Each structure stands twice: as structure tokens, then as C-alpha cells.
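A short write-up of the structure that comes next.
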Amino acid sequence: MRLPIRFPKYVLYGMASAVWSILFLHILVGDTMSAADALSWSGGLIHSPAHRVNVMRSHHHEMGKELEQQHGAEEQQMQRDTKPAAFSNPPHLATGRGPSFVHADGQLDVSCFPHDKNIGSRTTEVAVVQVSSVQDCMKQCQSRPTCSHFTYNKNSKACHLKDGAPVFYTYNGDMTGPRSCDYSCTDNCWMNSETAVKALDYSGHGPGLCWAACKGTAGCIMYTFKGSTCTLYAKDSFNKS
């Protein structure tokens, strides 16, 4: 009768330790290491210590490459998400006081005042220059710090630069505009004033010319444009809300 084979306790402990090492490594590294590789690394019964080191180095290298690729993809996505929108035609600051936005064709915006109503201004002139377009006339106004508005005659090509509040009258071919169409405050831009310096009836005119009136009036630092009435205010006559 054959007696059952009895292994020494240290052999049993060693086998159990090898099995647990295999399971632990396979769970730890997941799909990056097969069970066979885990066995070859952990058991120490099939391969040499040098082979086990090479196996781990190989898997660490592959894991490092995957992590680097993931990091690169995440960084590219972050750059796309945070990159500001590009302007195809960004706004430019015109010479002189105040911004002036340009159209896609590079021309200044002159849409805030009528071009075909024969509207002139009797206000004292700073200068008269010959230019080829109303946009060029606006540029001339912006180049002079005191210019508040201009009158351009499309027939004579004369650009009349003004430094006071507009005083309108009718003249064939005239068009009158502010130094920039970007000044477009209406209604609630300025409010809660006590004493008005001047109230002007600007029926048919835009708020840009109300701004021009304030710039061209001594002591005016604020204005309201409500309906068709432009009201100018001095420094000590208001409480800004």
C-alpha cells in the first residue's frame, strides 16, 4: 500500500506564495500582462531572475507609452477647448480719442448717420480737407483730438471738421456724422441728473451725434439720448446710478 506523498511545509508555503503573486500581478496590471507572463515573473521556477526583470521592463515601457499618448491627447483637447475665437477682422483703434470698428473691407463704420438727407452743420470748422470718401473724412476727424463731428459733401469732396456741438441745416450733398459710430449710447447710458446744461432736439439723428454735441460743449461730461431728445449734463449736475 502506497503512502501519500507529504511535502515539507516550506514547499507548500512557497507554492501558495507563487499562486498569490500570480493573481496579484494579473489584477494589478490588468490587460497589460498576461497570466503566463505573471507566472514567469512571480514563480521563479521556469525563468531566471534576469528574465523576470526584462519582462517587467518591457511592460513598464508599454504602459509608459500608453500614458504618454493619453496625456498628449488630453493636452491637445484642452488647447482646443481654451483657445480663444479668432477674429477674421478684429477691431482697430483709430487715431485720436475713441475706438472705431472696421468692416470686412477695411472701411470705417459710417452707418450711424444718414448719407442722403442733405444734412450739414453750421458749427465752427477746425479745418477743411479734400478726401475721396466719407470714411476718409471720419478718419480725418479722428486724427484731431478736438474734432467732435464732421460734414462731408459728396459733390465737392470737401471734409469740414468741427469741434463744437452740431448745428444742423440743409445743404445739397452734405452728410454730417460723429467722429466714430461706436458712440451709440441710448436711454440708460447716462441718467439721474439734476440740472441739464442743454437740451437739443435731435429728431432724425442718431445717438452718435448726441455724443458729438456733448464733446463739443464746454463743461459737458454726460448726456442722455431718449427718443429724439439729446440732453447734456455738466460735472456737478448729476448722480450716476
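Including glycine, each Cβ sits where the backbone N, Cα and C put it.
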Cysteine from C220, C230 that Swiss-Prot links to C214 by a disulfide bond: C220
Among C112, C230, cysteine joined to C181 by disulfide in Swiss-Prot: C112
K162, Y169, D174 bind carbohydrate per Swiss-Prot; candidate in S121, S132, S203 listed for that same site: S121
Count of other CB atoms lying within 10 Å of the CB belonging to C220 (disulfide bond): 21
Cα distance (Å, whole number) from C210 (disulfide bond) to K162 (carbohydrate binding site): 14
Local backbone state of C137 (disulfide bond), from DSSP in three classes: helix
Between C181 (disulfide bond) and S121 (carbohydrate binding site): CA-CA distance (Å): 17
By Cα-Cα distance, the member of recorded positions C112, C147, Y169, D174 nearest C210 (disulfide bond): C112
